[in-house]
Amino acid sequence: LILYYQHLTHCFQCLEVDSLFFFFQATSESFFLYDSMDQVNGSVVTEFVLLGLAQSLGMQFLLFIFFSLFYVGVILGNLFIMFTVIFYSHLHSPMYILLANLSLVDLGLSSTTVPRVISDLFSDCKIISFHSCMIQMFFIHVMGGVEMILLIAMAYDRYTAICKPLHYLTIMNPKMCMLLVVTAWVIGVIHAVFQFVFVINLPFCGPNNVGSFYCDFPRVIKLACMDTYRLEFVVTANSGFISMGTFFFLIVSYIFILITVRQHSSKDLSKAFITLSAHITVVVLFFTPCMFLYVWPFPTKSMDTFFAIVDFVVTPVLNPAIYTLRNRDMKVAMRRLSRQVVS
């Protein structure tokens, strides 16, 4: 009952109650409604409260401009890469096909949170329904899992191109490329479903303040009306340790590639480093926030918000710039596509 009345108190903070009679009437009616819901699915929480990023009107306008500009950049930049790879046949090689899929994932990852953040900036009561919260968490981890595997596939592609150039076309044939892409999406879905099946059936009957501007498994699990220590460990192992392991694996792989190139020819070392520096930058930008968010969750509310913004806003808009500015073929193809669009 105490948890129930705490929940009602928070709900009425977003409403204006004109009479005491209405309060008791709503309380009695809601009690039977929530009790019947609890019998059906073991949960009395039908919505969650998200955290506001700013209180003052000036800061809200500043964040609105920031998120809007970056999200437009995410959409235009990643769509431009996808269309460029699709419409130019000489870019139908494994490296560019993987890059187009990475752009699709970045676009999807940003779209799961940023539009919601923009719409909530000027809202007094930032409420998200239970089902919307679950859907948001699911797609965040689908896109995150796919991006991890795609970055591994791109590292393997660069290793084959730099260390085994004579066998590149044999190893990275179209069938192998499609296999890597399909594997990335399958593993991403499995990664999300593995956590989602545990969370969807948890009983939520008390506090519903997520404590962040978006829903995620570690935050929502803490709101369940049961001991979730083991489940939190499963989420940490699934998302945090996998992120950390993948990050160190990729860094070691790039170092191994550079050492191999140096042993064969010191002249090609600078060219290989320039090629790999873009990949290393993307890996650091993507995995550093993931490790802080899942291996060491909630260091402080400000740091947690900062790393989430980097993962959902900054990294997806920087990836197109990083890969196109360092790639001559992409720049030429994008200039041609721009001229065709203008004409």
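The backbone N, Cα and C atoms fix where each Cβ goes, glycine too.
Noted in TrEMBL for the protein shown:
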type	residues	note
DOMAIN	77-323	domain 'G-protein coupled receptors family 1 profile'
TRANSMEM	61-88	transmembrane segment
TRANSMEM	95-114	transmembrane segment
TRANSMEM	134-156	transmembrane segment
TRANSMEM	177-200	transmembrane segment
TRANSMEM	241-261	transmembrane segment
TRANSMEM	273-294	transmembrane segment
TRANSMEM	306-325	transmembrane segment
For the domain 'G-protein coupled receptors family 1 profile' (77-323), what's the model's average pLDDT?
87
Close approaches to the transmembrane segment (273-294) from elsewhere in its chain (Cβ under 8 angstroms; 6 or more beyond its ends):
144, 147, 151, 154-155, 158, 162, 216, 218, 235-236, 239-240, 243-244, 246-247, 250-251, 254, 257-258, 303-304, 307-308, 310-311, 314-315, 318-319, 322-323, 326-327
